[in-house]
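Colleague: I have a structure I would like to understand better, so I am pasting it below and will then ask my questions one at a time.
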Amino acid sequence: MLSLSFSFFSFALQVLYCTKNRMGILKMRILVLLLIVLMVSIVNGDENESFKKKPTIVKTVKGVKMCVKDWECNKLSRFCCNLTITDYLDTYQFELLFAKRNTPVAHAVDFWDYDSFIKAAALFQPLGFGTTGGKKMQMKEVAAFFGHVGSKTSCGYGVATGGPLAWGLCYNKEMSPSKDYCDDYFKLTYPCTPGARYYGRGALPIYWNYNYGAIGEALKLNLLDHPEYIEQNATMAFQAAIWRWMNSVKKGQPSAHDAFVGNWKPTKNDTLSNRLPGFGTTMNILYGDSVCGQGDIDGMNNIISHYQYYLDLMGVGREEAGPHEVLTCGDQKAFNPTAAPTAAS
């Protein structure tokens, strides 16, 4: 249609040129302007049509309403009947959340972007990532995920321009790794590839050969042989981070997603260990006693501050973060104490 529009415009100009001696210059100019307006309207119509989302497919499976929403939530799922992430988070908001990531002093300039995040999230939205519950819960989960990401990839400091919380996604890898992070204990399941280095990379940094191997298996990416993929491809980096958010460290323990959105029901032992559904327990799951069970420490507070900051910028408000016992993990016992290393450490 676009090529036809230009062909028509070209033909019309030729006709006008041939007849210019038989009409006034003013009339000819008016006709040219009208033709331009017509062509622009046709082109814009084509563009709007090409970006238009396909209608939602709705089916009932065993009495449960299930949906498919175009490319963004493209597997039949009850979660796809809810809003999807692009319904409440756009490019402008993403830029606002991570305002300083592309400044000259950042260490991953032009690496992270909105499109990479949305493409990565599309794998997990049918599973409930950013699509569980109503709009407020959906936005809170994305803010919570970003709270961890922003804290772990920040190069902000106390007097940094824009404040220390504006510098999330400043890094995409460990800058000066002290070792290769190869653990021979896993040589039968996730053997280290000669020459490969398994230092921290990604939005929720991955360390060690066994973590690269497990995440690579899950995402069907050869990360054991090519851990560098995570620092070369932002979509893969976000996929790995969301996978960590959506999956538990050990069988019988909750994922960060389940602990946050309320899918997880604490056992008696969890309650005695002060582990409650909410943001605090997501820190316990992801970092254990390196952050939790140590009282009011800076490492924990930094993650919480990023979460609250993103809640404010997304229009939810930090007052929705919950009470102290839900928001923090300073009094929680770790699911997996350091004395018993886990595949998420």
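Backbone N, Cα and C define each Cβ position, glycine as well.
Quick paste from TrEMBL:
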DISULFID  Cys182-Cys192  disulfide bond
DISULFID  Cys292-Cys329  disulfide bond
DOMAIN    93-319  domain 'Glycoside hydrolase family 19 catalytic'
SIGNAL    1-45  signal peptide
Colleague: Rounded to an integer, what is the Cα-Cα distance in Å between Cys292 (disulfide bond) and Cys182 (disulfide bond)?
Modeller: 26
Colleague: Looking only at C-alpha atoms, tell me how far Cys182 (disulfide bond) is from Cys329 (disulfide bond), rounded to the nearest Å.
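Modeller: So the alpha carbons of Cys182 (disulfide bond) and Cys329 (disulfide bond) sit roughly 30 Å from each other.
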Colleague: Going by a 10 angstroms cut-off between Cβ atoms, which of the disulfide-bonded residues Cys292, Cys329 has the sparsest surroundings?
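Modeller: Selected from the disulfide-bonded residues Cys292, Cys329 on minimum Cβ neighbours within 10 Å: Cys292.
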Colleague: Express the predicted model's confidence over the domain 'Glycoside hydrolase family 19 catalytic' (93-319) as a mean pLDDT, rounded to an integer.
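Modeller: That region's mean pLDDT is 96.
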Colleague: List, in sequence order, the same-chain residues at least six positions removed whose CB sits under 8 Å from that of Cys192 (disulfide bond)?
Modeller: Asp180, Cys182, Asp183, Asp184, Tyr198, Asn209
